[in-house]
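Enquirer: My questions all concern the structure below.
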Amino acid sequence: MLENNGSVILMEPDHLRTAVNRSMTSREGRTKNRFNPITGARLAAGVVALSADKRKVLLVSSAKKHPSWVVPKGGWEADESVQQAALREGWEEGGLVGHITRSLGSFKDKRPTDTIDRRKKYLKQLMSKSSGNDVSTNTELGAEAEKLLLPPRAECEFFEVIVERLEDNYPEMRKRRRKWMSYQEAKEALTSRKDILAALEKSSIIKEEN
């Protein structure tokens, strides 16, 4: 249903209502993004969007790396709830309209960060907290230890969504492709994205093909 302000209200099974403004313009920039104050990781929200029979999941092509496949996800901004952010990303990147059935939890994108200063700050905080020593003066911290202590690039809260319909016109329709995939197809497509794959594994997608 629509409210007077144009927001779309979706009734979810737990009787929570999530208002989503389906604008035709994607949000850009990071001025409103949320960040973990300790790790510096960007806080994100995303959807594992399933077909009504739960046999397929909707993947979208990455805007930065082709022909890589991902699920709709992006920054959780300061003026919205995490559920609103997840559904907004589903709309902007995949043109999907649906309802949240449950939270899948928070998952860390542990691919190496390209922000060296953030890495050093995180390591310094960890070492100071654990031993009272400044990491910059601790000569025992080797390359392997540093690798293990790398801060996550992002921390994403994923939600399982049942897709009600896919719109032909949506904000990123010229930037991305979208494709329904079976569990096995999606598993192969997401081999380089362990965070997304872990969220898929926790979803209710049917894993056995008849």
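Just so you know, glycine gets a Cβ as well, placed from its N, Cα and C.
Sharing the record's features from Swiss-Prot:
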type    : residues                                            : note
BINDING : Arg42, Ser62, Lys73, Asp109, Arg176, Arg193, Asp195 : P(1),P(5)-bis(5'-adenosyl) pentaphosphate binding site
BINDING : Arg42, Ser62, Lys73, Arg111, Arg153, Arg176, Arg193 : 1D-myo-inositol hexakisphosphate binding site
BINDING : Lys73, Glu93                                        : Mg(2+) 1 binding site
BINDING : Glu89                                               : Mg(2+) 3 binding site
BINDING : Glu89                                               : Mg(2+) 2 binding site
DOMAIN  : 40-203                                              : domain 'Nudix hydrolase'
MOTIF   : 74-95                                               : motif 'Nudix box'
Enquirer: Going by Cα-Cα distance, which of the binding-site residues (Glu89, Glu93, Arg153) sits nearest to Asp109 (P(1),P(5)-bis(5'-adenosyl) pentaphosphate binding site)?
Expert: Arg153
Enquirer: Only counting partners 6 or more residues apart, tell me which same-chain residues put their Cβ under 8 Å from the Cβ of Lys73 (P(1),P(5)-bis(5'-adenosyl) pentaphosphate binding site).
Expert: Ala44, Ala45, Gly46, Val47, Ala86, Glu89, Glu93, Cys156, Phe158, Ile196
Enquirer: Return only the integer: C-alpha distance in Å from Arg176 (P(1),P(5)-bis(5'-adenosyl) pentaphosphate binding site) to Arg111 (1D-myo-inositol hexakisphosphate binding site).
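Expert: Arg111 (1D-myo-inositol hexakisphosphate binding site) has its Cα 22 Å from the Cα of Arg176 (P(1),P(5)-bis(5'-adenosyl) pentaphosphate binding site).
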Enquirer: Can you tell me the mean pLDDT for the domain 'Nudix hydrolase' (40-203)?
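Expert: Average per-residue pLDDT within the domain 'Nudix hydrolase' (40-203): 85.
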Enquirer: Relative to the Cβ position of the residue listed as 'Mg(2+) 3 binding site', how many further Cβ atoms are located within 10 Å?
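Expert: For the residue listed as 'Mg(2+) 3 binding site', the count of other Cβ atoms within 10 Å is 26.
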Enquirer: At a 10 Å cut-off from the C-beta of Glu93 (Mg(2+) 1 binding site), count the other C-beta atoms across all protein chains.
Expert: 28
Enquirer: Validating a neighbour-count step here. Other CB atoms within 10 A of the CB of Arg42 (P(1),P(5)-bis(5'-adenosyl) pentaphosphate binding site): how many?
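Expert: The answer is 19.
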Enquirer: Ranking the binding-site residues Asp109, Asp195 by other Cβ atoms within 10 Å, which is at the bottom?
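Expert: Selected from the binding-site residues Asp109, Asp195 on minimum Cβ neighbours within 10 Å: Asp109.
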Enquirer: So, by DSSP, how many helix, strand and coil residues make up the motif 'Nudix box' (74-95)?
Expert: 13 helix, 3 strand, 6 coil
Enquirer: Cα-Cα separation of Asp195 (P(1),P(5)-bis(5'-adenosyl) pentaphosphate binding site) and Arg111 (1D-myo-inositol hexakisphosphate binding site), in Å?
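Expert: Cα to Cα, Asp195 (P(1),P(5)-bis(5'-adenosyl) pentaphosphate binding site) and Arg111 (1D-myo-inositol hexakisphosphate binding site) are separated by 9 Å.
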Enquirer: A 10 Å Cβ contact count, applied to the binding-site residues Arg111, Arg153, Arg176, Arg193: which residue has the minimum?
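Expert: With the binding-site residues Arg111, Arg153, Arg176, Arg193, fewest surrounding Cβ atoms within 10 Å: Arg111.
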Enquirer: What three-state class does DSSP give Arg42 (P(1),P(5)-bis(5'-adenosyl) pentaphosphate binding site)?
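Expert: Assignment for Arg42 (P(1),P(5)-bis(5'-adenosyl) pentaphosphate binding site) reads strand.
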